[in-house]
């Protein structure tokens, strides 16, 4: 947090205070604020808490993606239309400020056309029109109803309740006027892709407008306006309760569905996608709010100065609302730019929360005096530090319990998290240090700023480490030097500052404790870290052979196996990347998976006809399995390989790249703050908001780390899910002691054994050595998931995992050491011997089933990577 507040610059503060009139958007008159800030944080907690619950439900596979479609249909086809119809019927158009509406519309149109033109100029010819159609919609369409309305209601319900109705007017107007242009571009791209250049231009335009009319938001707005005049702004009693029931169900279900749709959206992104995402999110969350606010300032000349200022502030907050999920639906319908749009929707949703909080805080602040603002920033920093400290302790515990801190790059990430933890603790201690306690201030300052500079520097060092990890077949990663630099250089800088700097004893702000010298030191540290991180990430992109990053939790570069660590010999890999599981069996790896383009891929599931040692198992599988008892994890080679994979097989490069990019954004904000203070004494409203943003970033970095590393699927989410299921099953078992396995699981297992088991064994089971003289017929969890999807027993990977878990509970399959539940990962499982009651039915039915499998196998697409 780099602030200008100090007694040394009191004259500057006075001049600054004189240049901030009410027209700048702040309440500088001492009048009551135009919005209720006390209700904002509970509203944000409510909205994002429900979103998080939905995300956890999807991540833990409690609700699969197929099941989530039902909730999505209810939200879009019943709850939202009822909400729109109800509010459009009772809307009083005589109270609407139409100047405000067209000002916001002009602001959105400006961003739309800027993004569209720049995309047409820069994008490659192959996908120019699809990008020019979807990117402007992404930058202008907000999540007005699910996220926007609860926040506007919390802020303005008690002061300007009429502002709530603008939500229902701005969204459909922009949809009707801007979205058709984007749809027309997408139809043009669709025509080019199908090589149908002769398609009628009028038909393309008509299809664009037809998609708009099919949108339930637009359709129900027209119907609601018509009934507004027919019913004279009053809903009949017999309809009111029915509409209320549907409309009231929208908010919670829509937010929960939003969380469900976020699972697995950040997937394989091309090397330029992160740059595109950064630009689009900047346009949506920064450029759009500023333009909307300035348009209202220029065009809406109301009679009341207070109301005019409040409307301009409202326009800014409206622009900060995150991207609507509907944009991802449009991208999926056209099958264009799906990865960028869906990933951007997820990121913008969570980035918008702190921006909304900071903006609303500033817009309601009663005065622009320097001293109260400095205390306000201190209070915000203290509050955020408390919550961030808890998040960081949780994230560090995850790294320790999962033992990921022993591997790279998590070892370096742990150092970053420790530095962030010390920053939060230092800020909390600084808040209690007396201003007259010089020694105490010096000691806490050293603790606070040596760790803060360390977080700045660790961003660059982590990016360098990621680049070196990509190149480590030719470059050895100097871990010791990096760790010493990450802690030693910041300590050295603070020591030099203590010796050469001039202490400002009257400052209550730690960011200006040593005045100009401290600002220069901070700026140099930030610039160096940004430069190092930026260059490293660009070089890392250039060295990525496949031209894409992998999704969260997926492996992209694996730690090489040390010689002699297992009894298997290393085979030549098709790329320069080391193999995850080396094998002595020449024709296949131990996991039936191969490395291609730097990533693990499971092969397509089809019958193998070779007669190698690792060939497919015969249907009489039980007779050839020599290791039928549970393996000892201490001696079983396969179990040792699993342990090696779990500890070092997933460096989570995409998570680390995303962490670096988000931290670089905060570093840019801090650098801008320093340079603004050093070279421009004409501070203004944007500068003050920049200070709050810097405070939120510096002491809230723990939220970023928690979001990326704190929700470990297998260490947190799935065990919590299993614990709930255990407690629930205990209650059911108390009522029925004789049925430990549910009838549903029994039925699933019986059907699988009777109709699918033998064919599944022939397709995916491979015989692998598990000891010096023993072998076992095993398969990977991801192999079974792929097979279940291809033969139609599951519609997606989530349902396939549920199916596999039922087979484990029913005793059909088992993990080789019986230590893990069924996972969509490279873990080894075996089929258990058939029990006497599992005898198959007539052979003719099985033959018919196999015939249908063969037809599916010939037409099935290549398998996809496992979901983690």
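Note: Cβ is positioned from N, Cα and C throughout, glycine not excepted.
Copied from Swiss-Prot, the annotated features are:
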- 41, 55, 264, 265, 266, 655: cholesterol binding site (BINDING)
- 1-368: region 'PIN-like transporter' (REGION)
- 378-715: region 'GPCR' (REGION)
- 550-582: region 'Disordered' (REGION)
- 836-868: region 'Disordered' (REGION)
- 58-77: topological domain 'Cytoplasmic' (TOPO_DOM)
- 124-131: topological domain 'Cytoplasmic' (TOPO_DOM)
- 187-211: topological domain 'Cytoplasmic' (TOPO_DOM)
- 263-271: topological domain 'Cytoplasmic' (TOPO_DOM)
- 335-344: topological domain 'Cytoplasmic' (TOPO_DOM)
- 401-412: topological domain 'Cytoplasmic' (TOPO_DOM)
- 458-478: topological domain 'Cytoplasmic' (TOPO_DOM)
- 540-658: topological domain 'Cytoplasmic' (TOPO_DOM)
- 711-868: topological domain 'Cytoplasmic' (TOPO_DOM)
- 37-57: transmembrane segment (TRANSMEM)
- 103-123: transmembrane segment (TRANSMEM)
- 132-152: transmembrane segment (TRANSMEM)
- 212-232: transmembrane segment (TRANSMEM)
- 272-292: transmembrane segment (TRANSMEM)
- 314-334: transmembrane segment (TRANSMEM)
- 345-365: transmembrane segment (TRANSMEM)
- 413-433: transmembrane segment (TRANSMEM)
- 437-457: transmembrane segment (TRANSMEM)
- 519-539: transmembrane segment (TRANSMEM)
- 659-679: transmembrane segment (TRANSMEM)
- 690-710: transmembrane segment (TRANSMEM)
Intrachain neighbours beyond the transmembrane segment (37-57), with Cβ under 8 angstroms and 6 or more residues off its ends: 63, 146-147, 150-151, 153-155, 157, 252, 255-260, 262-263, 349-350, 353, 356-357, 360-361, 364, 711, 717
The transmembrane segment (690-710) in contact with the transmembrane segment (314-334), cutoff 8 A, at least 3 CB pairs, sep 6+: no
Which of 103-123, 212-232, 314-334, 519-539 contacts the transmembrane segment (132-152) most, counting Cβ pairs under 8 Å: 314-334
Residues of the topological domain 'Cytoplasmic' (401-412) by DSSP state, where helix covers H, G and I: 7 helix, 0 strand, 5 coil
For residue 655 (cholesterol binding site), the number of other Cβ atoms found within 10 Å of its own Cβ: 23
Composition by DSSP (helix, strand, coil) of residues within the topological domain 'Cytoplasmic' (58-77): 15 helix, 0 strand, 5 coil
Within the topological domain 'Cytoplasmic' (124-131), residues counted as helix, strand or coil by DSSP: 7 helix, 0 strand, 1 coil
